[in-house]
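Trainee: For 252-271, the entry in TrEMBL reads compositional bias 'Polar residues'. TrEMBL lists 284-310 with the feature compositional bias 'Basic and acidic residues'. Look at TrEMBL and you will find 13-108 tagged as domain 'Ubiquitin fusion degradation protein UFD1 N-terminal subdomain 1'. TrEMBL lists 109-184 with the feature domain 'Ubiquitin fusion degradation protein UFD1 N-terminal subdomain 2'. According to TrEMBL, the feature region 'Disordered' maps to 204-323.
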Amino acid sequence: MYFDGYGYHGTSFEQTYRCYPASFIEKPQLESGDKIIMPPSALDRLASLHIDYPMLFELRNDAAERVSHCGVLEFIAEEGMIYMPYWMMENMLLQEGDIVRLKNVTLPKGTYVKLQPHTKDFLDISNPKAILETTLRNFSCLTIGDSIMVAYNNKKYYIDIIESKPSNAISIIETDCEVDFAPPLDYKEPERPVAPVPLNKATAQVEEDPAATEPKFNPFTGAGRRLDGKPLKYEPASASSSGSKDKKPVATNGTAPPSAGSSSQTANRQAQGKLVFGANASRIPKETPKKEATKDAKQEQQPEKKEDPKFQPFTGKKYSLRG
């Protein structure tokens, strides 16, 4: 059946129009949705057909092989012309006055859709979910591959439709649809911290050398003394002898190890009962003062004091109670 040059086949409507942006008829509200304005003749022909409501249409640009879907807002356009949002013309690569083919379709209700913002600025909005829900109320359908526009706070945000279920084009009128977000196109993963570069062996050795030259701690070194002032029967090892093996051993019993040239002379001149450290044994003065010699002799001649008798229990006299 043909009617005034327009072909209709049963319940289908298909026609070509020249498209123009919504700014040509001062309808800025069209930019916030996916609805177009058609001529009144299209309404008369659609009313005579058995089509499903709400009315949904397939837009096709044969020159660029681009396909999208939309709804209809009003039938007030001039004959042979339609007005559509500018962002939709950009998706379909249409210019002002280009020819586009319209066909009525029936789309299933969507259950899932995945969105991907172009910039991460959209995620910085205080409540992007509420803004998106408010914007999608002006939409009637979504198509994979389209980039919808969300206007908020005098700024435009573009969002790609990258996945939808149960088909590539879905209706979102009076349906519960699950919405998921993909990372924005300009999102970059934070860089992982780079592992520190290992030092060269030469620098490591330079750092270790100062530590090796530091003196090590030698515990329990020093000389012992008695509280009663008497000389010790043995001489403890000194710190110099225990700290290094190259130094000469400490002399015990007041005698130093004899040297090659003057071992006999130094042995006679060293006083008994005094500590003599390895290298200092040869530096003892030849003559010792007489006072020190006399004091040492007196100390050796003095007998050791007798110790007080120990306490003996149960010693003493007996007494009788009878008297």
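Backbone N, Cα and C atoms are what each Cβ position is placed from, and that goes for glycine too.
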Trainee: Averaged over the domain 'Ubiquitin fusion degradation protein UFD1 N-terminal subdomain 1' (13-108), what pLDDT does the predicted model reach?
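Mentor: When the pLDDT values over the domain 'Ubiquitin fusion degradation protein UFD1 N-terminal subdomain 1' (13-108) are averaged, the result is 91.
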Trainee: What are the helix, strand and coil residue counts for the domain 'Ubiquitin fusion degradation protein UFD1 N-terminal subdomain 2' (109-184) according to DSSP?
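Mentor: Helix (H, G, I), strand (E, B), coil: 14 helix, 34 strand, 28 coil.
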Trainee: For the domain 'Ubiquitin fusion degradation protein UFD1 N-terminal subdomain 1' (13-108), how many residues does DSSP put in helix, in strand and in coil?
Mentor: 23 helix, 38 strand, 35 coil
